[in-house]
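**Q** What follows is a single structure, and I will ask about it in a moment.
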Amino acid sequence: MDIKSALSRIVGHLDLSTEEMRDVMRQIMTGQCSEAQIGAFLMGMRMKSESIDEIVGAVSVMRELADKVELKSLDGVVDIVGTGGDGANIFNVSTASAFVIAAAGCTVAKHGNRAVSGKSGSADLLEAAGIYLNLTPVQVARCIDSLGIGFMFAQTHHSAMKHAAGPRRDLGLRTLFNMLGPLTNPAGVKHQVVGVFTQALCRPLAEVLQRLGSKHVLVVHSKDGLDEFSLAAPTFVAELKNDQITEYWVEPEDLGMKSQSLHGLAVEGPQASLELIRDALGRRKTENGQKAAEMIVLNAGAALYAADHAMTLAQGVELAHDVLHTGLAWEKLQELGAFTAVFKVENEA
């Protein structure tokens, strides 16, 4: 199916099949469509609402075209990532959590990008921390296999996305592509925590990942609007495990945490986010640093559970708490900085 035929279908509020969506996405991602066609397609999809078949088709093409990271094993390798777009502008919780997860002995293949709508994306934060981002897939694999953690910069691994960049920027609205990033990890991880900007996406994205072969995934959205587990409100979870999807609410108290306001956790940019994370992963000298630490523990614990590194959510949170207080997570961040600095010298020689 070509994009003109797809537009005719979408105008009539008719869904595309998975194969039809694959055809259209392949045309978009290989530069065969005009910016006007891409913009119209994205807006039409949003107005119609994307079906599970359509998302599966789009994700499968993005995965095919990605510059993949080949790891020695995917057993228990986890990603913790969000769609963004929640408007809260709190510090980089999932990126900070990744270092706690790795310090707990669980392998992390972190996928992320620069900020689109927020103040600090995962790439912005890591760059502020002195971590070199422009790695080849082989270099990323060496980080992950050697240190237990590595970062895959989305724009490096999904270069075909450049064809949709202009229309996405000009539209200035959430589109299909906002939900594709967390579903297209270049290492092909089977364990994830995926935060989404609306509860309505939790079950559908769990079903998408089920169809694409994921093993254990938590798709989450908190009642206060965050695309991650929140200290301030219940969090809705669609959990894929043993090829079954279950849905439930989790209160912070269910996991041994105290409910509290998120006041003081919003940041104006990556440097402010880094300073808060340094406090949270270090001595927690400030009230906000302590609160940030608890937010990190909550989300890192969920990822340890998704990775099957803990038997229950509560056990994952307890393990994350113990690890954070050792200071090993901050050391892991510094290790990654030193490791990638060697690659920077190699790449720029």
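Including glycine, each Cβ sits where the backbone N, Cα and C put it.
Feature list, courtesy of Swiss-Prot:
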BINDING   Gly82, Asn113  anthranilate 1 binding site
BINDING   Gly82, 85-86, 92-95, 110-118, Ser122  5-phospho-alpha-D-ribose 1-diphosphate binding site
BINDING   Ser94, Glu228  Mg(2+) 1 binding site
BINDING   Arg168  anthranilate 2 binding site
BINDING   Asp227, Glu228  Mg(2+) 2 binding site
**Q** If you skip the near sequence neighbours and keep only those at least six away, which residues in the chain come within under 8 angstroms of Gly112 (5-phospho-alpha-D-ribose 1-diphosphate binding site), Cβ to Cβ?
**A** Val81, Ser94, Thr95, Gly121, Ser122, Ala123, Phe151, Met152, Phe153, Ala154
**Q** Reported as an integer number of Å, what is the Cα distance between Asn92 (5-phospho-alpha-D-ribose 1-diphosphate binding site) and Arg168 (anthranilate 2 binding site)?
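**A** Rounded to the nearest whole number, the Cα-Cα distance is 23 Å.
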**Q** Taking only the Cα atoms, work out how far Arg168 (anthranilate 2 binding site) lies from Asp227 (Mg(2+) 2 binding site), in Å, as a whole number.
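**A** Rounded to the nearest whole number, the Cα-Cα distance is 21 Å.
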**Q** Write down the Cα-Cα distance for Asp227 (Mg(2+) 2 binding site) and Gly82 (anthranilate 1 binding site), rounded and given in Å.
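**A** Cα to Cα, Gly82 (anthranilate 1 binding site) and Asp227 (Mg(2+) 2 binding site) are separated by 6 Å.
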**Q** In the three-state scheme derived from DSSP, which category covers Ser94 (Mg(2+) 1 binding site)?
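**A** Reduced to three states, the DSSP call for Ser94 (Mg(2+) 1 binding site) is helix.
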**Q** Taking the Cα atoms as reference points, how far is Asp227 (Mg(2+) 2 binding site) from Asn113 (anthranilate 1 binding site) in Å?
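**A** It is 15 Å, counting Cα to Cα.
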**Q** Within 10 Å of each Cβ, count the other Cβ atoms and name the one among the binding-site residues Asn92, Ser94, Asn113 with the highest count.
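**A** Checking each of Asn92, Ser94, Asn113, the winner is Asn92.
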**Q** Whole-number Å only: compute the distance from the Cα of Glu228 (Mg(2+) 1 binding site) to the Cα of Asn113 (anthranilate 1 binding site).
**A** 17
